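Report on the structure given below.
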């Protein structure tokens, strides 16, 4: 059974045209799939639709076999689907400790959420545990990204959706972020990674999905995809 | 004279602090200026009057009834009006709050008429201390407000609900993907704001006669206080309320008391012109 599945997913904003145009996805458990594509190809809209922030106009989303298409974002988290947005992914007026607390407070009853998971997550991101009283708004971009990962992981998700985690980070932090994603996968979490930094994403992913104009134009093992070959694909016209 | 005015202003400011806090909570969490604060305050005053005068309950119990009734009124208003308009933007919600305000005011007028009413409490002599005259109502107001402010501060800082409210104020979409149900938080914010406005109505009823326009008398100072503090900032709302209360009372030294609301208008105008984010503006702007 796929950890994450989408069938004929279509979505858009307001009364505008569809941005996501019939995307299918089957992601194996504990894999990293990267969704890449040119600007405006619908990558972020796709991942927002999976998270429930953008309503699906058609199609379905399921997590470990459970259909969550009609569920609001909060219930999708309880179903095992965590999401880290591209920007504004922590609560700046809350401290690190409060951000972490909030991540589980409304998920009581979900298996795996609790003190053990908190210990495991703080082991993954040890710098957070030492600064629990620091306001999240005072953190650097890289530190915020770690806090955002940690907050999402505290929900003990089956699937973690990451929207451009390297955006705006220095090359040093991009490397650290990618390493953190690999560590997260090693804990048994399935990761869907939307990335603009194609080379970095392909290095850690098992599979690549190329999205152009809201449609899947290529799906292949990441090791078989060369960033140099993607130019033609990115700018190809999709019917 | 100046010391007496300062004391009166402090108590007036504390009275304003509760509705200003309610206004700023709604603004912070739900992102619109609720013009129904005055009407909800009126509703609270009448609810307490019914409990106190018609049902014969003591004032303390009547205040609890007023808080509960106004909290319920807020939740009902959210269910029938604001929730349906949540995605339409802050201007639509603000206009809707004007409509809700008119409905509440006219419901009060329909059931209670235009006559002035007062609570059934025994008259008591004011306390004289160091040349100052302190009414029992002023002491009741100050103690009630300070206790409420401490309770709200503890709730916002240390409870899961408070954290969720601050999180929704920061970023509602992110809160949703952290498992926070925005609808539930919106309802609870209305309930909390309603309770504060209900209590403010009781305190206003101790200060002056209860009539359908009692809330309107406070509307401009409430907005001036919340804007002065920085809309969305609870601490700012309280600080702004005390500044407005003291400034309004102290203005009696230089202008006739009939014109003291000029102070609130002037503060709003000056802030809009020179510091739109208010005293605690940076925080409010970030939210």
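All positions are counted from 1 along the displayed chain.
Cβ coordinates are placed from backbone N, Cα and C, and glycine is handled just like the others.
Please treat TrEMBL annotations as automatic predictions, because they have not gone through curation.
Just so it is clear, the model here is predicted, and its values are computed rather than measured.
Checking the ranges B:139-156, B:157-174 against TrEMBL, the transmembrane segment annotation falls on B:139-156.
At the 8 Å Cβ cutoff, the transmembrane segment (B:218-247) and the transmembrane segment (B:6-27) share at least 3 close pairs (sequence separation 6 or more) and count as touching. With pairs at least 6 apart in sequence, the transmembrane segment (B:89-112) and the transmembrane segment (B:139-156) have fewer than 3 Cβ pairs within the 8 Å limit; the two do not touch.
Counting C-beta pairs under 8 angstroms (sequence separation of 6 or more), the transmembrane segment (B:57-77) reaches the transmembrane segment (B:188-206) with 3 or more such pairs. Same-chain residues lying 6+ beyond the ends of the transmembrane segment (B:259-280) with a Cβ under 8 Å from its Cβ atoms: 220-221, 223-224, 227-231, 233, 235-236, 239-240, 244, 247-249, 251-252.
Within its own chain, the transmembrane segment (B:6-27) has Cβ neighbours under 8 Å at 33-34, 37-38, 40-41, 132, 134, 138, 141-142, 145-146, 148-149, 152, 165, 189-190, 192-194, 196-197, 199-200, 203-204, 207, 218, 221-223, 225-226, 229, 231-234, 236-238, 240-250, counting only residues six or more beyond its boundaries.
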